[in-house]
Amino acid sequence: MSYPNHSSPSSFILTGIPGLEDAQFWIAFPFCTMYFMAVLGNMMLLLVIKVDPSLHLPMFYFLSMLAAIDLVLTTSTMPKLLSIFWFQSHEIDFEGCVAQMFFIHSFSAVESGVLLTMAFNRYLAVCKPLRYSAILTGPTIAKLGLAAAVRGIAIITPLTCMVTSLSYCGPRVIHHSYCERMSVVKLACGDTRPNSIYGITAATVMVGLDSILIAVSYMLILREVTGLSSREARLKSYGTCGSHIGVILLFYAPGLFSFYTQRWGQRIPAHLRILMADLYLLVPPMLNPLIYGMRTKPIRERVLSLLWQ
C-alpha cells in the first residue's frame, strides 16, 4: 500500500514475532504471566514504600522511581503485544505508534539515568557514610530524579519529531511486536541518515557515559569494601553490590543487543532479535522488584507483614 503525496499513514500493521506466528498464541501465556508479575511487584514496591515512613530514605525513593519507570515501560507495550498474539489485533494508528515509541525509548533513557543515580547512592553510602545524609537531602534526590527524566525526554523528543516528519510511501507493515524506532524508520522513503546517525550517537554516548560512571562507582565501592575488617560486613556489601550489578547488566545487555542488531545484525534470525527486544521490556521490570526489593530486608519484612495480616 502507498500513501498519497508521500504523507504519513493513518496506521501501521505490527506483525508480532516474524517466523513464530503459529506459536504466538502460546508465547503470550508466559508473557502475560511475566507482565502480571511485573505490575504486581512494582505496585507492591511503590505501596510499601509509600505507607511505611521508615522507608522514606534516599535508596527507597530511587527504588520508587525505578518501579514507576518499569510500570510505564511494560504497560506501554505489553497490552498491545498480547492483543496481537491472542486476538490478531495487528493494527495500530500512527499517533499511537509514535506515542508508544516515545514512551519506550524515553523511559528507557530515564531508567539509565536512575540506575546511575542509584550507583551514586551506593557509592556515598559505602565510601562517604558520614556525609551521606548531608549530601542526599530531599531536594537533592528530587533534583537527581528530575535530571534523569529531563535528560531522557530531551534526548528522545528530537528523535520522535524526526520520525513524525519523515515521508512514508511504501508498505505500512512493521516487522516487530511494537513500534521500535528503527523498524518504523525503515518504512520511510527519502534520506533517513540524519535520523539514524542521531539515534546511534545519542544512544552510544548516553549508555557509554552512564556505563562508565556506574563502573567507576562500583570499582570505588569494591575497593572500599575489600578494606573492611569485618568478614560479615564484606559479604553483605558484596551481596548488595552483586544484586545491583546484576540489575544493571540485565538492563543494558539485552537493550544494547536489541539496539545494535536491529541495525547491523541481519545475520541473526529475525524471530530471535524480536523476541529479545520483547523480553528486554518485560524481564527487567519483572525481576527488579525481586532483586532490589525482596532482597532488601526492610521491604521484605514489610511485604510479608502485609501478606500475613
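Every residue gets a Cβ built from N, Cα and C, even glycine.
Whatever TrEMBL says is automated annotation, not expert-curated.
Annotation source TrEMBL lists domain 'G-protein coupled receptors family 1 profile' at 41-292.
What TrEMBL records for 25-48 (among others) is transmembrane segment.
For 60-82 (among others), the entry in TrEMBL reads transmembrane segment.
The transmembrane segment annotation in TrEMBL covers 102-124 (among others). Counting same-chain residues at least six beyond the ends of the transmembrane segment (102-124), those with a Cβ under 8 angstroms from any Cβ of the stretch are 58-59, 62-63, 65-66, 69-70, 72-73, 76-77, 131-132, 135-136, 144-145, 147-149, 151-153, 155-157, 159-160, 178-181, 206-207, 210, 213-214, 217-218, 220-221, 240-241, 244, 247-248, 251-252, 255, 281.
According to TrEMBL, the transmembrane segment annotation covers 144-168 (among others). Sequence-remote contacts of a segment are chain residues at least 6 beyond its ends whose Cβ falls under 8 Å from one of its Cβ atoms, and for the transmembrane segment (144-168) they are 3, 6-9, 61-62, 65, 98, 101-102, 105-114, 116-117, 120, 181, 184-185, 187-190, 192, 194-195, 198-199, 202, 206.
A Cβ distance under 8 Å defines the sequence-distant neighbours of the transmembrane segment (197-221), meaning residues of its chain 6+ beyond its ends; these are 109, 112-113, 115-116, 119-120, 122-123, 126-127, 151, 155, 158-159, 162, 181-182, 237, 241, 244-245, 248, 252, 255-256, 259, 263. The feature transmembrane segment is assigned by TrEMBL to 197-221 (among others).
Among the features that TrEMBL reports, transmembrane segment is placed at 241-260 (among others). Here the transmembrane segment (241-260) has Cβ contacts under 8 Å with residues 108, 111-112, 115, 118-119, 122, 180, 203, 207, 211, 214, 218, 221-222, 225, 273, 276-277, 279-280, 283-284, 287-288, 291-292, 295 of the same chain, all six or more residues outside its ends.
Within the same chain, residues 16-18, 20, 31, 34-35, 37-38, 41-42, 44-45, 63, 66-67, 70-71, 73-74, 77-78, 81, 104, 175-178, 180, 243-244, 246-247, 250-251, 254-255, 257-258, 261-262, 265 sit at least 6 positions outside the transmembrane segment (272-292) and bring their C-beta atoms closer than 8 Å to a C-beta of that stretch. Feature annotation from TrEMBL assigns transmembrane segment to 272-292 (among others).
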Other parts of the chain folded back onto the transmembrane segment (60-82), taken as Cβ under 8 Å at six or more residues beyond its ends: 14, 16, 28, 31-32, 35, 38-39, 42-43, 45-46, 49-50, 89, 92, 100, 103-104, 107-108, 110-111, 114-115, 117-118, 121, 141, 145, 148, 177-178, 278, 281-282, 284-285, 288-289, 292-293, 296, 299
